[in-house]
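Visitor: Please see the structure below; I have some questions.
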């Protein structure tokens, strides 16, 4: 047993050892397997690492640069987010330049004051932009300029709903394309169902776009419950529902709801309460955005295949970029989600590998696309100059709305005009010569734009240009003058012919430096009038419209550019500025652009379509109905059954709507007259027109006949049935079956309530009298019916008299431009006056012809064949009194050709009834009849001589001929008319030309940006550290206030000059002084500093000072001088000079008592002074003041104050020192300071005389205003007018 135990023990040891070996073996095998697995895994990892290195190795630089950029961005992240938040919250309504200026100021403040780092060149696009999203916006027709992209970012990042200021419809188009798949609901604020649509959209989560335009009150009500902040605060959760209370009704709120508000107003004014509920975004188009659109259009028309290929490349690149971004995101996501060793994730490695391969393929395709894109861009660059110049034209045209609210032009209209210009321009033989092609398109585009815009403008606005410098517009700004009007430190060297306005502007022009730096010195050395041949004096005396620069000193004639010569002419000969501008335009862009097209209604009709309304912009006296009726007759649309005409007014809107609906169906014409009398119905009209316009896209898709084909068919069938072609079919819009003959004609005076959309997309036409006798006569004869003109049985007399009548018609209209020298009251003579007069003339001559024929038969029967020639006046059956034949003419028919014509009756009908019916002033009526008598005279119809209408013999009645013969003669007449044509002194043209030139400069200056004038004020105030417009304005206000005397102490004046029954002049003095105590400049300073609200009046004051104009709020209370000082009122500081002189006059009155001679030009309210003078006399002699009037006695012996060269202060001292001048009359008062306009004063004979050449105003001696009873008054000559404030008063002299 012991042995067995030992054996068992030994066996156990062996088994244990064996188990140990087995355990070691298992461990060894496990280790072996583990090592084998590690070897396999290492191989796999090595392989995967190789793949990962190969896949991501090339991206090292890319990811490293991104990492570095992120590191830099993090350092400025806080500051950039603060700036971005400020831009989104406050700057959406401003332009790019202003946004950049503000963000630079904010960035500087954050860096320097708060020590918060910001990006050096901050850009909202760099901070918050997404390239893929931006490209998607651009594909949805968002303009790709920086400004528009920033606007889109502001919209997407704001917590408030947007209100887009969108005058050109850019945001409208973008929103519609972007929300195409989201059931966008488009309504207008004035729509009756607007509230219901908005409620449904909130409830069901629809996209909603509302056009608000002018309805600001309704806008506020809607915004109150749709602003996101209000919704967040007022939402109520009931179970799973979110409910919002609208008024008394609770409705569900859907998170998908989105609201877009848009307005077409370019500069809307919203209250602060509206601005806090929405984010205002200025979506006005920029030059860069429009340039890109124009380039796409012209390349798409000329290189259609290439432009299509480019658009495809853009889409492909967008898809590729999206794929790349998706791959990058997938890689980053896979890497961020990976756990453990990245080399063990086979799925991740495979994903990275596939992403790399896809990325390489995409990059390869993108590189290939870039090569093609560069080729396309090379072609596009050849059209770049054309697109940029054309884009600039649009902004020039759109600025016309500041001149008149009816001058509205839409971007779609402009783009359509550009497309037509491309189609109508000449194509060169060598199609590869893009230079000739672009020049042809540019020429056609400018001429087409000129034609279309000119026919929409009133005559006074047709000569405008946008190439004007600051000096040309403002005259150089403020002058540093002393109290006598002399420019500081450099007195006027030639006061006898160079007035202070001219000298001040020459000093300003010299101060600009450069080529003009020596101008004032040269004029000082070579302008003295003592030297008869002084070159500057010769130029001043002899320059004329036909020889503008012929007499300019040779040195200056050779070195000045054409525009610099305009600036010089503005200083010395303002009256020649208009012909000089015409010459400048002619040399710059061609003669075509200085001859506005004549009124061509047929051409307007051919440019129109069923979708385009034609708008007559009326002026006083214009009536286009006669021309419209002629056009309707030509196209077979005359008669009540085809032409529906109605004058709008109260209750006429529904009738007009029914007429339009019937005309749309039948193809009739509709004429809505006097739209300005129905402002409340204009929204309904706008809705009708927009519904008609919606059919346009449908027509284009269906391939319906366009308007040009319709017009051609109509022209070809004008002799047949004008309705003989098919109407539009299958139209599913509100107005189905719009007949292609349908036209909508609108006539309205300018008024701001006229719908903008109609104005912008319609064809606008004006029909006011053209400027100049040539244009006036041309228009008159072009409007004549040739068959009617040739139908008279006495053609010689009729055509002579017709030309005389047309000439008279032109003269009476052209005399209006001369102001009171032409007519005391500017009468609105119209074409209807000419039409009725010509019809009466035709009828009378026809009756005379019939009567003569009958009388001739009777005479031949009773004269016994004696062969004697009976005098026409001796005819028994046709007796004419001697006075019926003017100038005692009773010659025979053989001598005069028309001695039987009843000139007296014709003149009475034409002068007293037709034209004279508008004349209310007796002296205007006398002038009218005198002018008519010069043209309607028997000498006109003399067979043996030509009757001249002017002394120069340039204007006469041409020989008998057809209408084209007369038009040929009219074309030979001068473009600029001399005053002698109108029976006026040559000086009259100077005043008229200066006024027209100032009007033109005023119109152009209103179209310029305010910032263009800031440098003028900066140079004049000599403030080099001024950086903002508000600071400039504050300095200008301070500069003006320092030049003004202090306010009067009215309490002290009233104590010294109390109200007195015996002397009304005390009251007059206090009333006048009250007007001098001003506060507007102080209030303006406070408003610019933000201390008070900037009211509309203060804003207008700021704009006027910025443009160096007399503010309206000042001119409303100031005198409107009737003397030579009127020139000073065109320049701002010289009006301040006049203010200083007036205060000197009143201060001397306060210090020394009532003056012996009153300076009547210094009174604000002259009628008060004159009434006070009469009142003193009435109370002194106890006579009712109603029975008194003035007798004016000219004191020819008191001529000392007539000198224009004597400073005003010296005149005041002379009155005090001269005993003869220092004596008051017993009754009444002495006055000085009156000037004659249009005449001179003969001291020797004490009568009126002709003016001296170039002397516009003549000084009058002292006048004694002597009160007398009206019953004792004896009229001795014609009256003069005294112009004060806004009124014209007449007094007998």
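Start at 1 and count along the chain as shown; that gives each residue its number.
Cβ from N, Cα, C; glycine included.
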Visitor: Of the ranges 314-351, 352-389, 390-427, 428-465, which one does TrEMBL flag as coiled coil?
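Guide: Among 314-351, 352-389, 390-427, 428-465, the range TrEMBL annotates as coiled coil is 352-389.
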Visitor: Of the ranges 856-881, 882-907, 908-933, which one does TrEMBL list as region 'Disordered'?
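Guide: Checking TrEMBL against the ranges 856-881, 882-907, 908-933, the region 'Disordered' one is 856-881.
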Visitor: Pick from 1103-1124, 1125-1146, 1191-1212: which range does TrEMBL record as transmembrane segment?
Guide: 1125-1146
Visitor: TrEMBL lists region 'Disordered' for one of the ranges 630-661, 662-693, 694-725; which is that range?
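Guide: The listed stretch tagged region 'Disordered' in TrEMBL is 694-725.
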Visitor: So which range, 1158-1178, 1221-1241, 1242-1262, gets flagged transmembrane segment in TrEMBL?
Guide: 1158-1178
Visitor: Taking residues 6+ outside the domain 'Dynein heavy chain region D6 P-loop' (733-766), which of them lie with a CB under 8 Å of any CB in it?
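Guide: Hits for the domain 'Dynein heavy chain region D6 P-loop' (733-766): 213, 264-265, 404-410, 412-413, 452, 455-459, 599, 601, 604-605, 607-608, 610, 612-619, 622, 624-625, 628, 637, 660-661, 663-676, 679, 682-683, 685-686, 689-695, 698, 704-705, 707, 710, 714, 722-723, 725, 727.
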Visitor: Tally the residues of the domain 'Dynein heavy chain coiled coil stalk' (4-109) by DSSP class, grouping H, G and I as helix, E and B as strand, and everything else as coil.
Guide: 100 helix, 0 strand, 6 coil
Visitor: Out of 4-109, 798-852, 892-988, which stretch touches the domain 'Dynein heavy chain ATP-binding dynein motor region' (135-362) the most, going by CB pairs under 8 Å?
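Guide: Between the stretches 4-109, 798-852, 892-988, 4-109 has the largest tally.
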Visitor: With DSSP helix as H/G/I and strand as E/B, how many residues of the domain 'Dynein heavy chain AAA lid' (798-852) fall in helix, strand and coil?
Guide: 46 helix, 0 strand, 9 coil
